[in-house]
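Here TrEMBL flags 121-249 as domain 'TFIID subunit TAF5 NTD2'. Here TrEMBL flags 296-307 as compositional bias 'Acidic residues'. Feature annotation from TrEMBL assigns region 'Disordered' to 296-348. TrEMBL lists 319-330 with the feature compositional bias 'Basic and acidic residues'. According to TrEMBL, the repeat 'WD' annotation covers 378-419, 451-486, 493-524, 535-576, 577-610, 619-651.
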C-alpha cells in the first residue's frame, strides 16, 4: 500500500529520523516488485502521534519495523538479527508487542525500551498524584479496596522509574522514601533492587528493570472496582496515572463479586502480577498413558508350593490393586502416540516386572500408617553438596558438588563395576546365559565412582529410568550425559550460555529437560546435540524443571516466582501459576498426573489442580526454602524437605478431596483455600543440622532423604 508507506516516510522525516527513513526507502524499493503481497500495516497506539509499520516476514525478513509506544512522539526501528543494521537503529526486546507490531529481537536495546518513559508530568506533583490515589483507594468501600490496592506496587515502580529516567533524582529519592514502606512485604527483594537504581545510567542493562518495563503487569479486578477507578482518575484529570495504567498495566476485568484480601494475597506476588485468565484456559491432557501389558511370571518363593504342578498361575488378585488402573484408557490421557516415546527393551520389561512385584509388597500409607524415613547424610562434604538424585529402584545415589565433581555411590551391597575393555570383551562367549555378568570387570568394583568433566559447580543430577545413564548440569553452561556402564562422559550438550540450574530425565527416558540462568528451559533428546524445543517466557532464571508422569508436559519453576507448564508437542505454555512470594525451588507431580505441588523460598507448599488451572491448597509450616518435594508411590502422602532441617509429611488425600472447582471459580480465581495446614500435617522430623536437599520414595514406600551436614 503505497499511501501507507508514504505516510510513514513523511512521519519519519518530520521526526528527523533520517536513517530509519533511508532503511525503509531502500526496503520500499524491494517491496516495489510485489506490493500486493507485503502490505505495511500502520497502527497508532497512544494519544500522541505514533505510527507502526509491521511488515510480514517472508520478504527476506529484513524489513525495518518502526514502532512507537509512548504518548510522546518516538520511533524505534528494529532490524532482524543477521542483517547488519545502521548503528542508530534501535532494537526492542524479544516478543515485545509495541502498538500492534511484534518486533522480535534477541538483545534488548535499553534506550528503546526506556524511551517510553518520556517526560509527561510535573515531577514535583508525582507524590501528590500517588498520595491522591492512595487516599481514594483507602477511603473506598472494603469490597473494592482490596482489589484496587493491587495498583499501588506497579504504579509506584513505574512512577519511580519515570522520575529516575527523566533525571529528577531528588524527587525520585523522596518519592521512594515516602511510599516504599506502603508496599506489600513480599515485594521487598524487588524494592531492594529498585532502590539501587538512582540514576538514568543505572537503568541501562538492569534486567529487573527491563522486565518490568517490557512485560505488562497483570491485575485481576472486578468490573465494578475498575469502573470506580476509571471514574476517579477521569474526574481528577489525573492523566499521569491513567497513562501508566493504560500503557504498563494489563487489567484483566471479570464480571462478578470483587475478591477478598485473602483471595488476592494467595494469587499475587510474582514479578509480573497474576496470570491472565486466558493463560490457563488451554486443554491439558493430564491423564496417564496406558501401560504396555505383559504377563507377570511368578516367583516360587511367593507361592510357597501352592501350585505343585508348576503351572504358571497368574498372580491376578494380588496385582489388581496396582496394575488395574492401567487396564482402561484414562479419559484425560493424551493419545498414546502424541509424542514419540522410546520402545520398551527386554531389560525394561524385566524391570517393570520387578517393579510390580515390589509394588505388591508396597506399604499402603495414610495418616495411621506413616512411612519410615531413612536419611542419607553427606558427612565432610566440604566440596559443597549442590544436587542429589536417587535411582527409581533406590540402588544408587548421586551427588553433584561445588568442586565440579559428580560422585555416584551404590547403596546396596552390589558394588559399582565398569564394563571390561574392548580386548577383554572379544574373548567372552556371547551365547552364555550370564553374559551380562561376564562383561563387567570385577577389578573395577567399588562403592563410589567419581566423574570428572564439569568446570563449575554441579547444580542438577538425574538418573535415566533404566539406570544406564546419568545427567548432570553445571555452572559451566553444559549438561553432560554419563554412562553408568563405563563411568565416562558420553556427550556434553551445549545450548545454555549461562549456568544451568536443573536437569531431569523424562519418566520414559530418551528426552530430558534443562533450565538455567538464561531464563529458558530446553527439551533435549539424548541422541541430538541441539535442543528439540526451547521454552521461553519466564522473566528470570528457570530454577527447577520436572516432567509430567505422561511425559507430554514439563513444569518449570522460576525466580520470577511463577510456575509454567509447557506442552512438549508444540512448545506452548499451557499454564501459568502465580502465588509464591519467592523463587521456586521444588516441583512434584502427583502420581495420577492431576496435581502439582510447588515449594519456594517463602517456605510455603502450594498445590495446583492442573486440569482447571487453579490453586487448591497451601501448606504452611516450613520456615525456610523448600528444596525437595515428593509424593508417595500411590499419592497418599506428600513429603517436603527444607533448609530448616526438617522433613514434613502431609496428608495428600485429604488435601485434594472434595475440591471446589466449579466454572465460576475457574473463571474468576475466587479461590477459597482451606486454612487447614495443621490438620494436613502428619509429622515433622528434625535432623541434627542437615538441610534436606532431596527426597525419594522407594518402590515399597520407604522414604529416603538426603542432605549434607552443616556444622554451624
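Cβ coordinates come from backbone N, Cα and C, glycine included.
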Averaged pLDDT score, the repeat 'WD' (451-486): 94
For the repeat 'WD' (451-486), distant same-chain residues with Cβ under 8 A (at least six beyond the ends): 345, 347-348, 351, 384, 386-393, 395-396, 398-408, 416, 418-419, 492-505, 507-509, 512, 514, 516, 524, 526
Contact set, same chain, for the repeat 'WD' (378-419): CB under 8 Å, 6 or more residues outside the stretch: 351, 354-355, 425, 439-442, 444-463, 465, 467, 470, 472, 474, 476, 482, 484-487, 693-694, 696, 698-699, 702, 704, 706-709
Secondary structure content, the repeat 'WD' (378-419) (per DSSP, counts of residues): 0 helix, 22 strand, 20 coil
Number of helical, extended and coil residues in the repeat 'WD' (619-651), per DSSP: 0 helix, 20 strand, 13 coil
